[in-house]
Amino acid sequence: VATVNCSGYPKPACTMEYMPLCGSDNKTYGNKCNFCNAVVDSNGTLTLSHFGEC
């Protein structure tokens, strides 16, 4: 199972770096920062499905 360490999030701004991650909501997040901010917003219900686009 793929995991991402989201300690230290949410961050107020994310870079435009593109390293896609696919969330358990079947949505592609542009990078770890965007994904981790969404994880925090979801109160931990969002998880990583896999690295790369959905």
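Cβ from N, Cα, C; glycine included.
If you check Swiss-Prot, you get these features:
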- Cys6-Cys36: disulfide bond (DISULFID)
- Cys14-Cys33: disulfide bond (DISULFID)
- Cys22-Cys54: disulfide bond (DISULFID)
- 4-54: domain 'Kazal-like' (DOMAIN)
- Asn43: N-linked glycosylation site (CARBOHYD)
Among Cys14, Cys22, Cys54, the one of these disulfide-bonded residues whose Cβ has the fewest neighbouring Cβ atoms within 10 Å: Cys54
Cβ neighbour count within 10 Å of the residue listed as 'N-linked glycosylation site': 7
Inter-residue C-alpha distance, Cys22 (disulfide bond) and Cys33 (disulfide bond) (nearest angstrom): 13
Per-state residue totals over the domain 'Kazal-like' (4-54) - DSSP helix, strand, coil: 10 helix, 9 strand, 32 coil
Subset of recorded positions (Cys6, Asn43, Cys54) lying within 10 A of Cys33 (disulfide bond), CA to CA, in sequence order: Cys6
Same-chain residues at least 6 apart in sequence whose Cβ lies under 8 Å from Cys6 (disulfide bond): Phe35, Cys36, Val39, Val40
Integer Cα-Cα distance in angstrom, Cys14 (disulfide bond) to Cys54 (disulfide bond): 20
Site with most surrounding Cβ atoms, counting all protein chains shown within 10 Å, from the disulfide-bonded residues Cys33, Cys36: Cys36
Distance from Cys54 (disulfide bond) back to the residue listed as 'N-linked glycosylation site', taken between C-alpha atoms, in Å: 22
